[in-house]
Amino acid sequence: MKRKAIYPGTFDPFTNGHLDVLDRALNIFDEVEVVIGENSQKKTLFTVNERLEMIREIVIEFPGVTVAVLHDGLLANYARQVEARAIVRGVRQVKDFEYEFQMSLLNRHLYPEVTTVFLMPNVKYTYVASSIIREVAMLGGDVSKFVHPCVLAMLHKKLQENKKSNS
């Protein structure tokens with residue numbers, strides 16, 4: 001039986017920190033499904049389809065990686081549906097862990113067969129968050145060291161589109 005995990009997140013945008021956690025997960029699991037959460041309460045820069053395209057382009061050469069969208073519903077139910085035995089979460093700081101720990105307990109209650117695996121990214125990514133990447137890029141800063149080249153191109157294109165629509 002293959003060891004399958006899901007790696008959920010908003011991924012707006014997908015950063016090198018996310019990629020690092022995914023790479024670490026692939027050292028543990030045979031299959032990892034990156035699951036893009038679609039949350040109507042969260043204002044995102046990229047649409048869910050743009051994030052799907054972005055991540056698919058990045059992981060195309062990673063055997064054992066698939067990408068999907070969770071439009072609605074509980075993550076624990078989705079994990080059960082795809083027969084994943086683990087939920088991978090990247091944890092950069094204690095603050096991240098407190099929230100993720102609560103969620104892991106809830107997911108375990110809803111789907112007792114699932115385990116949450118907390119992975120710390122490489123230290124060079126501990127301060128990299130999608131929200132920071134968006135803000136730095138919007139203010140004209142260089143984020144090329146923190147995102148894949150395809151993400152950088154999509155960021156520049158999206159920011160140009162937003163600039164045109166706001167003028």
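Keep in mind that glycine also has a Cβ here, set from the backbone N, Cα and C atoms.
In three-state terms derived from DSSP, Lys42 (substrate binding site) belongs to neither a helical nor a strand segment and is classed as coil. Long-range Cβ contacts of Lys42 (substrate binding site) within its own chain (separation 6+, distance under 8 Å): Thr10, Asp12. Taken from Swiss-Prot, the feature substrate binding site applies to Thr10, Lys42, Leu75, Arg89.
Swiss-Prot lists Thr10, Phe11, His18, Gly90, Val91, Arg92, Glu100, Tyr125, Thr126, Tyr127, Val128, Ala129, Ser130, Ser131 with the feature ATP binding site. Counting every protein chain shown, 17 other Cβ atoms lie within 10 Å of the Cβ of Thr10 (substrate binding site).
The site 'Transition state stabilizer' annotation in Swiss-Prot covers His18 and is backed by sequence analysis. Cβ neighbour count for His18 (ATP binding site) (all protein chains, 10 Å cutoff from its Cβ): 24.
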_Cα-Cα, whole number of Å: His18 (ATP binding site) versus Leu75 (substrate binding site)?_
18
_Can you check which residue among the binding-site residues Thr126, Ser130 has the largest number of Cβ atoms within 10 Å of its own?_
Ser130
